[in-house]
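Enquirer: Below: one structure in structure tokens.
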Amino acid sequence: MAAPTSEAVPAKENPTAEVKETTPDSATETTTKEEPPKTPKNKEDIEEVESSSPAETLGKGAENEDEDEIVEMRRRSSVVQALAKSYSRASGPAGGNPFLAGKDSPLNPNSDNFDGKEWAKAIVELVQQEGAAFRSTGVCFQHLNVHGYGESSDYQKDVANVWLSLAGMARGAVGSSSRQRINILQNFDGLVRNGEMLVVLGPPGSGCSTFLKTIAGELNGIYVDDGAYFNYQGMTAKEMHSHHRGEAIYTAEVDVHFPQLSVGDTLTFAARARQPRKLPQGLNRNEFADHLRDVVMAMFGITHTMNTNVGNEFIRGVSGGERKRVTISEAALSGAPLQCWDNSTRGLDSANAIEFCKTLRLQSELFRSTACVSIYQAPQSAYDCFDKATVLYEARERPSKVYSWKVFMLSQIIVELPWNSLMAAIMYFCWYYPVGLYNNAVPTDAVAERGALMFLFLLTFLLFTGTFSTLIIAGFETAENGANIANMLFMLTLLFCGVLAGPDSMPRFWIFMYRVSPFTYLVSGMLSTAVAGAPVICADNEFLSIIPPDGQTCQQYLNDYINGVAGSTLKIDQPHGGYLQTPLATEECQFCPMASTDAFLAGVNIDYKDRYRNFGIMWAYIIFNIFAALFVYWLARMPKKSGMTKKKQA
């Protein structure tokens with residue numbers, strides 16, 4: 001850098017001199033006024049001049065002025081840059097900002113003149129003005145070997161032969177399962193750079209889905225050999241699929257949506273889930289998400305389905321082709337730099353399939369995203385959009401698993417907890433108070449305690465039925481077969497809970513069912529909580545008429561029966577309870593055989609003291625159902641590591 005040059009301007013009559021300093025780098029001139037030192041007039045002035053030399057005074061003044069001017073120049077520069085950036089956002093080329101586009105602008109997704117390509121270009125320009133760039137990545141893989149485990153043959157299961165699968169489950173538990181290792185991908189190498197599109201071709205079962213799931217990190221049910229090498233543009237597979245999990249997505253062939261939600265709500269949620277931290281100036285999060293939703297709906301031709309439910313096989317909604325376009329739109333809103341599409345053109349006509357490929361081409365060119373797509377039976381113009389192609393030969397693979405099996409099972413159980421709590425509250429208020437069961441707790445002064453305990457018993461009942469059904473269905477391929485078995489076992493728990501037949505009247509062989517039935521403890525707890533400790537008043541038609549012996553009153557004759565005195569004339573050792581309406585009568589006794597609800601509970605082997613024990617036993621059944629459901633699912637559906645290790649060593 002050249003040294004600054006100084007150019008002196010001679011001072012004529014003015015005692016002040018001006019010095020212009022020019023620096024080559026900044027092309028700016030700084031003017032400094034130099035004043036000659038004042039002539040001292042008295043002794044004090046002379047001493048002041050002597051204490052501070054003219055050189056020091058001049059140097060300090062120039063230094064302070066230079067610092068002030070530098071600060072002022074920086075402030076002006078920042079203000080000018082901010083104004084320029086604000087002007088470029090709001091006053092750029094007409095229609096340059098897609099979020100501020102006019103009503104008939106080609107950048108407005110709600111306009112008939114909307115052009116997706118122009119909108120994408122405008123977004124790129126807007127991002128570049130912000131000094132940012134779109135995320136991009138590629139993938140390189142070497143020595144890729146992927147395998148799975150399965151059986152060579154299977155049979156259609158029904159109610160009669162479903163028990164035959166128990167033998168296979170037992171063999172799998174001890175590590176001697178008949179599952180065999182099936183190689184899907186062998187010695188597979190490839191490179192896909194950022195901004196490129198790869199089409200994956202192969203017949204059904206050749207491993208196209210396995211390859212796409214491996215690239216995206218969806219490895220549930222498939223296994224990658226340790227010698228495989230992955231490089232995601234400088235990142236390892238572990239880092240890509242953990243720290244940057246959302247940057248590589250896999251869109252399955254089967255459409256999975258919430259059928260009750262409308263198309264607009266589904267895409268709005270997808271747009272909000274992937275919003276950037278910093279939004280364009282003047283937009284809030286709702287406006288930004290709604291704009292992106294309208295854009296993808298306009299690009300894929302589903303704007304007319306805004307308020308229509310997505311639906312599924314059981315709930316009426318959009319058509320199959322429109323539902324597929326909803327799936328494509330939802331994945332496009334993620335903005336992931338690496339996108340794997342598994343037969344996403346299934347259900348689309350030729351025109352929509354071509355438009356889908358052109359949209360991916362547009363994303364790869366402008367946003368530098370990478371797309372790996374498997375397509376079946378697409379027109380030639382769709383294949384022309386791709387940069388590279390790979391062909392897979394015939395192989396076998398396991399069925400697709402959308403979720404991890406642990407997450408899937410636990411989510412099925414946890415998602416029912418709020419619903420069961422709501423239903424327990426509805427059942428409680430519609431049954432406990434209208435029937436008047438709370439009145440039975442008034443004599444014992446435990447209305448609040450027994451009311452809360454009754455609600456908890458209702459909650460445990462619903463939780464048990466939900467977890468028990470999940471336990472049974474976890475071991476079956478189809479929900480229908482599992483539901484049949486669950487209903488049969490549910491009926492057995494009802495039959496042997498002690499309501500229809502008490503334990504004393506059951507055959508000795510079936511007494512174990514009374515002990516293991518969870519409803520035995522549920523009925524005991526609910527019944528004792530509902531009616532214990534309340535007096536019984538017989539109606540007129542419920543009194544028993546008894547003639548006492550001559551010379552005895554009703555109280556003298558029936559006292560031993562009621563109180564249970566040993567050695568009585570009635571040969572009764574245990575009290576039976578009851579009360580007399582006319583205890584001093586000598587001709588006819590009006591006897592009510594039950595004086596308290598505790599006598600009724602004792603007759604059916606129920607004790608009020610066991611209510612909290614029964615409540616705890618119900619929770620033990622619920623916890624057992626949860627862990628048993630996980631174990632049964634792992635036992636029936638997941639390959640065992642011990643078996644895989646043995647086959648790998650062989």
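In case you wondered, yes, glycine gets a Cβ from its N, Cα and C as well.
Below, the features straight out of TrEMBL:
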| type | residues | note |
| --- | --- | --- |
| REGION | 1-70 | region 'Disordered' |
| COMPBIAS | 31-44 | compositional bias 'Basic and acidic residues' |
| REGION | 87-106 | region 'Disordered' |
| DOMAIN | 164-419 | domain 'ABC transporter' |
| TRANSMEM | 419-441 | transmembrane segment |
| TRANSMEM | 453-476 | transmembrane segment |
| TRANSMEM | 482-502 | transmembrane segment |
| TRANSMEM | 514-537 | transmembrane segment |
| TRANSMEM | 617-636 | transmembrane segment |
Enquirer: Quickly jot the same-chain residues contacting the transmembrane segment (514-537) by Cβ under 8 Å, restricted to those at least six beyond its ends, or write none.
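Expert: Sequence-distant neighbours of the transmembrane segment (514-537): 437, 439-441, 443-444, 446, 450, 453-454, 457-458, 460-461, 464, 492-494, 496-499, 503, 506, 592, 594-601, 604, 606-608, 610-611, 613-615, 617-618, 621.
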Enquirer: Would you mind listing the long-range same-chain contacts of the transmembrane segment (482-502), meaning Cβ under 8 Å and 6+ residues beyond its ends?
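Expert: For the transmembrane segment (482-502), the sequence-distant neighbours (Cβ-Cβ under 8 Å, at least 6 residues beyond its ends) are 159, 465, 468-469, 472-476, 510, 513-514, 517-520, 522-524, 604-605.
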Enquirer: Averaging the per-residue pLDDT over the domain 'ABC transporter' (164-419), what integer do you get?
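Expert: Averaged over the domain 'ABC transporter' (164-419), the predicted model reaches a pLDDT of 86.
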